[in-house]
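Enquirer: First, the structure itself, so that you have it in front of you.
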Amino acid sequence: MGLLTIIRKIRQKEKEMRILFLGLDNAGKTTILKKLSGEDITGISPTLGFNIKTFVHRQYTLNIWDVGGQRTLRPYWRNYFEQTDALVWVVDACDRMRMQDCKEELHSLLLEDRLAGASLLVLANKQDLPGSLSGPEIRDALDLDSIKSHHWKILPCSAITGENLVEGLDWVVNDVAGRLYYATATSDTSSKVRRASTSEEPSAPQLPVQTSAAVGVSS
């Protein structure tokens, strides 16, 4: 039994997922997480390091890492890639001037081996503000249709009104569970069936950290 199989079996038993929230600075990552956990979203300051939040959502424990997006912090992003099940890329839909930068950073991330296979949710945030780019416009600006290496989805959202936040979390949980848990269970069952069917045959020849936990956010 390989190490990856052992890790998957342990995580299947515990029903845990590791989700990484990234994006340029001022995209609204921390505000989204606070909104999901029912916390006060007024007076939020830029994340100069990372936050860890734990949600219990639909019987899964979500360990969410929110990492600062300032240019000086981006070289440290790779320190948080290990065992990531899903990447949530938050976009400031009003920041037209940095959309090219946003695109380049995202596509660079998707080349990382440690993020291979991770589900990708793109949140086009700040839809409550006038002049924000729509979901289809963000999709084009980030050239999402060229992404073949990851299963992805884009949703317009608002950290202020809560629009599509839970829906986004639902998609992440469904996509990761389908790949990490259900697929593993099916694979294990198939292996047992194959072994049983052949048993009678002859054998063949770092940064500052702020931690918090929230229980809820279930639908």
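Glycine is treated like the rest: Cβ placed from N, Cα and C.
Just so you know, TrEMBL annotations are computer predictions that nobody has curated.
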Enquirer: Pick the one from G69, G162, G168 that TrEMBL also lists for the GTP site with G23, L24, D25, N26, A27, G28, K29, T30, N125, K126, Q127, D128.
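Expert: Candidate in the recorded GTP site: G69.
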Enquirer: Around K29 (GTP binding site), which residues of its chain at least 6 apart sit with Cβ under 8 Å of its Cβ?
Expert: F21, L22, G23, T47, D66, G69, V88, V90
Enquirer: Among T30, T47, all listed as binding-site residues, which has the most CB atoms within 10 Å of its CB?
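Expert: The residue with the most neighbouring Cβ atoms within 10 Å is T30.
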Enquirer: Express the distance between the Cα positions of D128 (GTP binding site) and T30 (Mg(2+) binding site) as a whole number of Å.
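Expert: Cα to Cα, D128 (GTP binding site) and T30 (Mg(2+) binding site) are separated by 17 Å.
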